[in-house]
Amino acid sequence: MDQASAYGQVSPAAPLWLNKGDNAWQMIASILVATQSMPGLVILYASIVKKKWAVNSAFMALYAFAAVLICWVLLCFRMAFGDELLPFWGKGAPALGQKYLIAQARIPESTHTHEDGTRETVEPLYPMATLVYFQFTFAAITLILLAGSVLGRMNIKAWMAFVPLWLIFSYTVGAFSLWGGGFLYHWGAIDYSGGYVIHLSSGIAGLTAAYWVGPRLKSDRERFPPNNVLLMLAGAGLLWMGWSGFNGGAPYAANLDASMAMLNTNVCAATSLLVWTSLDAVYFGKPSVIGAVQGMMTGLVCITPGAGLVQSWAAIVMGILSGSIPWVSMMILHKKFAPLQKVDDTLGVFHTHAVAGLLGGLLTGLLAEPELCDLILSVNTRGAFYGGNGGMQFLKQMVAALFVIGWNIVSTTLILLFIRLFIPLRMPEEQLAIGDDAVHGEEAYALWGDGEKYDPSKHGRITETTESPYVNGARGVTINL
């Protein structure tokens, strides 16, 4: 029996180049990341918003997931990971052909020439179909995260037009530039798993979109309590657990780097959650469940650009900073900085994703460990704390961040101004006043039992209670039975 037969590689479905372990892990990682969106963020959005916006918020996420997939296979995958059109953009083409999808995965513009003249191209040991779907899950979650900035007032028809346009003209640019062999990739800027491509992009684009769409109703801005905190925790849990695939799948293989990335991801998230919760307890006098979720999120975002490139003690340092710096920006600076107060970023995506993503990218430029970098990067790389050319790496991280920020502000603005020519960006006032029933003809919950109206004699007296600071300083209600 020859070696190929011994390893079960005689079947046409298992060519010699296929590594079954890598392929299995990559598909599992894809499912984990997809689960972060569907149902993770669908549940999180439906429960963290005011009751009247539960259906609309969930539907915005559901629609984006489906729309991105179709656009991805028709055009956008190869704009992000195909042949070069411009130094920051690939040539769009379908990723649907049988020969293309069952061939070995390859990122054509990733070829790097070493000092000894040898050339290296990113060629994972599984089919292109696996890579196409894995990268789709990243594109989808970026749009869904962006949606968090405009929940509770964006015209659903405008959102349906915005998703494919933003994917084409914004997301693919960042993905190609940093991951697909564009100019930032070849210059040596690091974005291990999406701190810039996904989180900085969604945070900046979300804030920009929130500005152009306009604010929620004043009553919604002043009082926006989550309609189901426990369900919110379920969505947050799916998001956290799915992040092991998010960062663990970034090396495109089930290797040493994937293991480091998975451990560091969870260590940083846990540290950040504890720091954020502690700050809440000290500053506000009590810990907040919503605050804990925000701290979890900032930790996951911060570690993403360097998850497999930093030591685990550095992941704790990053968790301490991601649990404190975004906390200060959201809970203190936001309330003192007038321009930020004028923009209604519903879920604070700017703070949890843009601030935390930028922080993580810059910290990666300081803390990237040379031996870990050698496990996955084709160019000799080290953070500034490790001497050598590390200072230059920090500069590259800054320049890459500025490019992502600038491109997202401009592209998001132009896309929304174009849509505004045909569709109002904001819902009409009558829909804003009613919510889901006016927009979709559906509601998340019956108010009392099976559609029964509130009756004080039967259901108790409503009294005011103090709310968490994450409900925009509002007053909530409770029922005294």
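Positions of Cβ are set from backbone N, Cα and C atoms, glycine also.
Listed in TrEMBL:
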TRANSMEM  24-46  transmembrane segment
DOMAIN    24-445  domain 'Ammonium transporter AmtB-like'
TRANSMEM  58-81  transmembrane segment
TRANSMEM  132-151  transmembrane segment
TRANSMEM  163-184  transmembrane segment
TRANSMEM  196-214  transmembrane segment
TRANSMEM  226-246  transmembrane segment
TRANSMEM  258-277  transmembrane segment
TRANSMEM  289-307  transmembrane segment
TRANSMEM  313-334  transmembrane segment
TRANSMEM  346-368  transmembrane segment
TRANSMEM  398-423  transmembrane segment
Six or more residues beyond either end and a Cβ under 8 Å away: which residues meet both conditions relative to the transmembrane segment (163-184)?
63-64, 67-68, 71-72, 75-76, 79-82, 84, 87-90, 92, 107-111, 135, 138-139, 142-143, 146, 191, 196-197, 201, 205, 396, 399-400, 403-404, 407-408, 411-412, 414-415, 418-419
Between the transmembrane segment (313-334) and the transmembrane segment (258-277), are there three or more CB pairs that fall under 8 A, provided the residues in each pair are separated by 6 or more in sequence?
yes
Among the recorded stretches 58-81, 289-307, 398-423, which has the greatest number of Cβ pairs closer than 8 Å to the transmembrane segment (226-246)?
289-307
Grab the same-chain neighbours of the transmembrane segment (24-46) for me: Cβ-Cβ under 8 Å, and only residues 6 or more beyond its ends, written as numbers and ranges.
54-55, 57-58, 60-62, 65, 124, 126, 130-131, 133-134, 137-138, 140-141, 144-145, 147-148, 151, 228, 231-232, 234-236, 238-239, 241-246, 248-249, 252-254, 258, 444
Contacting positions for the transmembrane segment (196-214) when only residues 6+ beyond its ends and CB under 8 Å are counted:
138, 141-143, 145-150, 153-154, 158, 162, 166, 170-171, 174-175, 178-179, 301, 304-305, 343-346, 349-358, 360-361, 400-401, 404-405, 408-409, 411-413, 416-417, 420, 425-426
Candidate ranges 289-307, 313-334, 398-423 - greatest C-beta contact count to the transmembrane segment (346-368) (under 8 angstroms):
289-307
Residues of the same chain, at least six outside the transmembrane segment (313-334), with any C-beta under 8 angstroms of its C-beta?
263-265, 267-276, 279-280, 283, 294-295, 298-299, 301-303, 306-307, 340-341, 348, 351-352, 355-356, 359-360, 363, 367, 369, 469
